[in-house]
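J.: Annotations for this protein, taken from TrEMBL, read as follows:
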{"type": "DOMAIN", "residues": "200-531", "note": "domain 'UvrD-like helicase ATP-binding'"}
{"type": "BINDING", "residues": "GLY221, VAL222, ALA223, GLY224, SER225, GLY226, LYS227, THR228", "note": "ATP binding site"}
Amino acid sequence: MFNKNEAAEKAHLAFVLAELRRAWEETDERVKKAYQSVMTAKQYVVEQSSEMDGMEFAANQYDISFAIDLGERVVIKRNRLAKMIASPYFGRVDFRDAGATEADVWYIGLYGFEGPDGNELICDWRSPVAGLFYDYDIGKAVYSAPAGDVEGEVVRKRQFKIHNGAMEYMIESGVAIRDEVLQKELSVKSNDKMKSIVSTIQKEQNAIIRNESAPVLIIQGVAGSGKTSVALHRVAYLLYKYRGTLESKHIRILSPNRVFADYIANVLPELGEEHIPETSMEELAAAELGDKFQFQTFHEQVAELTAYEDPSLIERIRYKSTATFVEELDSFLRQGDDEWFFPRTITIGRDAVPEAAVAEGYEKVSRLLPVKRRLEKLASFLISNTRDVNGNKWNSSAAAKIKTAVRSMYKYKDALSMYKAFYQQKGRQNLFELKPNRTLEYSDVFPLIYIKMHLEGVKTQEDVKHVLVDEMQDYTPVQFAVLSRWFPCKKTILGDGFQTVNPYASCTLEDFRRIFPKAHIVELTKSYRSTFEILQFAQTIVPNARIEPLERHGDTPSVVECRDERDQLEMIRRVVAEWLGSGDQTLGIVCKTADMAERVYRNLEDLSEHVCLLDFQSETFPAGIAVTTAHLAKGLEFDGVIVPFANAYQSELDRHLLYVACTRAMHRLVVTYVGSPSPFLLGSSEPV
Ligand SMILES: Nc1ncnc2c1ncn2[C@@H]1O[C@H](COP(=O)(O)OP(=O)(O)OP(=O)(O)O)[C@@H](O)[C@H]1O
């Protein structure tokens with residue numbers, strides 16, 4: 001079918017919709033039948049259960065759950081068809097194979113759909129041919145099909161906005177995903193959750209989504225460049241491409257906190273995929289350390305620094321935040337392999353295992369094994385290869401004594417004493433401090449786990465085949481080293497060095513190159529979230545010459561001086577009251593500290609039921625007005641943002657927090673302060 005104009009496209013849309021409705025009706029019938037068969041089977045069990053033996057009962061239960069599974073799948077299909085009836089496709093690309101006279105026409109949508117004759121009426125956005133839509137303008141093009149590369153020419157591209165089954169607009173497009181459509185999408189008010197971007201994925205984003213070769217893909221992208229969106233679309237793409245071997249349960253998302261996890265939770269279901277299990281570094285660390293240790297969380301560390309930038313705390317954090325630190329740990333552990341095992345003769349009554357046999361056995365055991373496993377192997381080796389004075393094999397009590405003796409020959413019994421020894425050896429005991437109640441500082445949690453892995457081995461998560469790590473700038477090299485051992489699978493790691501909430505503990509690109517020498521590193525420099533004016537304002541706080549703002553204009557951010565705190569809180573109330581009538585969905589009031597957020601919240605809570613305080617105990621990202629901290633707001637976005645107490649941002653750490661706060665705004669930004677504003681708002685590059 002070859003449509004030349006809007007009328008023809010409308011006719012084509014009517015045809016596709018009729019096919020979709022027919023498919024929906026068929027599927028609806030199947031849902032009804034599936035429901036009926038489950039009910040009949042259940043009724044049969046209820047009525048006949050007294051007559052059934054155990055086997056028969058179990059067989060019937062199995063049949064019921066099988067019928068339910070089947071029914072659920074048909075319901076999913078019906079829901080998908082309903083979505084397609086509302087918006088079946090968003091793009092069209094006409095591609096003429098090299099040597100062919102006529103072009104094939106492909107319509108691209110969220111899901112694929114075949115007509116009754118097996119014709120592909122809509123292609124899934126992840127299909128090979130759909131790549132043409134994102135990657136090429138009119139002219140020569142190539143796409144990778146399962147049978148190999150297909151060369152040819154894109155002869156036409158169109159973009160559509162179809163809403164509730166009606167075509168809102170159609171754009172004849174020569175340029176890959178025209179700015180016009182993108183602008184329309186970006187100027188839409190946010191809702192409370194992140195949404196999919198399938199219809200306007202940009203070429204450089206598509207390359208990341210479809211990258212299948214990178215064992216580790218590192219995405220360094222400026223604020224609002226779509227890193228999180230792209231990474232989630234990449235997951236959906238991989239699930240599509242490797243269907244049958246890769247399922248959502250094989251993927252893990254490492255989220256910085258629960259609110260963020262909730263914020264992104266809708267994207268994959270919207271793309272037709274199941275929810276992906278999420279976890280966090282703290283959750284993984286707690287599972288590894290069990291109840292032996294308490295530890296400070298990342299947000300507690302940042303809160304501690306935000307309250308007072310203790311130079312000795314900063315020194316401790318900084319020291320443990322480089323790739324060199326991991327290398328030093330490695331060489332300490334390697335050195336220990338030679339120096340911490342003290343062989344001696346094992347005496348068992350009149351019998352003995354000579355020191356030389358113990359030393360020889362230790363040399364034979366592989367150094368690649370964790371220490372505890374090595375000692376077990378050594379003990380087994382000695383038990384099998386040595387004899388008592390009569391030449392007899394060791395009995396079980398002697399064997400147990402050999403095991404205990406071998407264990408006692410190793411200098412360190414636990415990871416903590418080994419870790420402390422690391423600092424002693426360097427003469428830098430000041431770099432390790434336990435908090436009250438034997439609580440570890442956050443910067444010690446992962447070095448300690450790294451050493452524990454050397455001592456006890458790694459609990460590898462073999463079932464996980466791909467890990468997605470967001471906000472990479474907040475992880476240190478030793479965290480990545482630990483993460484790679486837990487998850488020795490492919491990884492997508494994304495973040496922005498400019499948005500670190502703890503500049504003393506983050507990873508540089510150079511660190512990444514050292515930790516993941518085979519990683520592909522890609523950069524996203526176009527920023528989509530904020531208006532040109534907001535981005536320009538944020539650039540005075542943390543200048544980044546690589547940011548390319550989009551030409552989407554809005555109000556200039558306002559910086560409002562207030563007489564005192566009372567005046568400032570009143571000012572915020574006025575802005576919020578005005579916002580309540582604006583039709584915007586989300587407003588973020590992003591403060592430097594939790595205490596400031598609490599004060600603002602108390603002053604607003606009577607204003608509307610839609611005001612809520614977001615803290616590290618919060619589980620969900622709400623629509624309405626969220627009062628929170630910059631640390632927690634990381635990764636989120638709001639139609640409008642108010643940044644109160646802008647006088648409080650003074651240090652280097654504060655500069656990054658202020659930048660994060662301001663770059664959360666899509667359309668509007670208001671900054672308030674009392675006294676003198678932060679030096680960073682004046683474009684000063686130096687903290688005072
Ligand atoms: N190709 C695109 N089409 C439409 N919207 C896009 C596109 N790329 C990004 N966006 C939008 O830009 C905003 C920012 O995206 P996202 O949160 O994924 O960026 P990010 O780089 O992770 O941001 P940050 O690091 O600042 O938290 C979102 O509203 C997203 O929908």
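Cβ atoms are placed via backbone N, Cα and C, with glycine included.
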J.: For ligand 1, pick out the binding-site residues GLY221, VAL222, GLY226 that have a CB under 6 angstroms away from one of its atoms.
T.: GLY221, GLY226
J.: Neighbour count, 10 Å Cβ-Cβ cut-off, for GLY221 (ATP binding site): what number do you get?
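T.: Result for GLY221 (ATP binding site): 26 other Cβ atoms within 10 Å.
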J.: Under DSSP, is THR228 (ATP binding site) part of a helix or a strand, or is it coil?
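T.: Where THR228 (ATP binding site) sits, the three-state DSSP reduction gives helix.
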